[in-house]
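Summarising the annotation, TrEMBL assigns active site, proton donor/acceptor to 294. Residues or ranges marked as Zn(2+) binding site by TrEMBL: 143, 211, 232. The substrate binding site annotation in TrEMBL covers 154, 235, 236, 243, 272, 328, 329, 330. Taken from TrEMBL, the feature domain 'Amidohydrolase-related' applies to 62-401.
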């Protein structure tokens, strides 16, 4: 049957012999792709009278949406919080390397830094589509400096700031520009934070609560003003207490505005969060869980000394500490490792383990109409995985951008 070229001259690729993650379950169907989008085969057959130009046998692989990492500080020797003349080549290197770990889109994350660093780095971050050059960039995640001194974690105290009169202008002056900013993490107990949350939300920027000593009512108020995310749940916040559960209490709060969902990031690396805590959070609020790596420059490198913004960190196995302390400072886990650990720790389904790294971050950022699913007309960013959830190949816009080298195996 000839392709109907009146609709499009672009080749149609049919991925066969696979199980596709669609509508929250693995379905034995073929995946059809044209011009970087997922195609509806019924429309192709009945409206266009068309067929595939190329068929690819997936050998019974799982096909799932590409992973989206909304909190990654760097990796492979690159630190996104270090102002360098070749910052662009650094971000290009990371975006290329994370393809092998299934990440097709990400938010480069800057930890608390002096204003001069934001002014130098942010103009060099460009929102861009992914491709053979690397994962797509969705915009920056600015974690700090408007956070709590008591819960600063690995953030340098001398760079922390509070909101002065004209709080939003203060934030603008600190960052220099919000053009490419997608997420801002702040502490909601700070005076004047409400007006900042409202202003950021109005501009389509996701506000995340973290590095904070907020009580539950302060956290609920922040959500009522527009905050939608929690930065690395349990880490750098007040521990859960039965009389005031703090930010953690948002997972089961009855004060969330109707029709709104609070999402929360979790570092599922076996270090930052005990498996029991992962299970508690997931069972309490499964639809809000978003896996993040919180990876630092040392990801993908040998143990030793590396940087995180203004600080020196030491990597010891999977542990990363501020040098000379036992303060945890980001992770060296990759996203595919986090997905496998999450499934093992929670005993959840394969579908759930894949969606917390794809669908949920897309929903958080309001891009689920084009990323994080394999629905018709969405972007053809997807992974081939085996049953143990090891990535075999990564595709962006329907093009293979990475494949596991099986030579010699």
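Just so it is clear, glycine is given a Cβ too, placed from its N, Cα and C backbone atoms.
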Most crowded position, judged by CB atoms within 10 A, among 211, 272 as binding-site residues: 211
Residue 211 (Zn(2+) binding site) and residue 243 (substrate binding site), Cα-Cα, nearest whole angstrom: 21
Cβ neighbours of residue 143 (Zn(2+) binding site) where a neighbour is any other Cβ within 10 Å: 30
Cα proximity to residue 272 (substrate binding site), best match among recorded positions 143, 211, 294: 294
Residue 329 (substrate binding site) to the residue listed as 'active site, proton donor/acceptor' - Cα separation in whole Å: 9
Candidates 236, 294, 328, 330, namely the recorded positions, that fall within 10 Å of residue 211 (Zn(2+) binding site) by Cα distance: 236
Residue 154 (substrate binding site), number of other Cβ atoms within 10 Å: 25
Residue among recorded positions 235, 294, 328 with Cα closest to the Cα of residue 143 (Zn(2+) binding site): 294
Spatial neighbours of residue 235 (substrate binding site) that are distant in sequence (at least 6 apart) but have CB under 8 A: 153, 267, 272, 273, 328
Binding-site residues compared (236, 328) - the one with the fewest other Cβ atoms within 10 Å: 328
Distance from residue 294 (active site, proton donor/acceptor) back to residue 154 (substrate binding site), taken between C-alpha atoms, in Å: 12
Cβ-based neighbourhood (8 Å from the centroid) of the Zn(2+) site, residues 143, 211, 232 excluded: 71, 144, 147, 153, 155, 185, 208, 210, 231, 235, 236, 294
Among 232, 236, 330, which are recorded as binding-site residues, the nearest neighbour of residue 294 (active site, proton donor/acceptor) by Cα: 330
Other C-beta atoms that fall within 10 angstroms of the C-beta of residue 329 (substrate binding site): 27
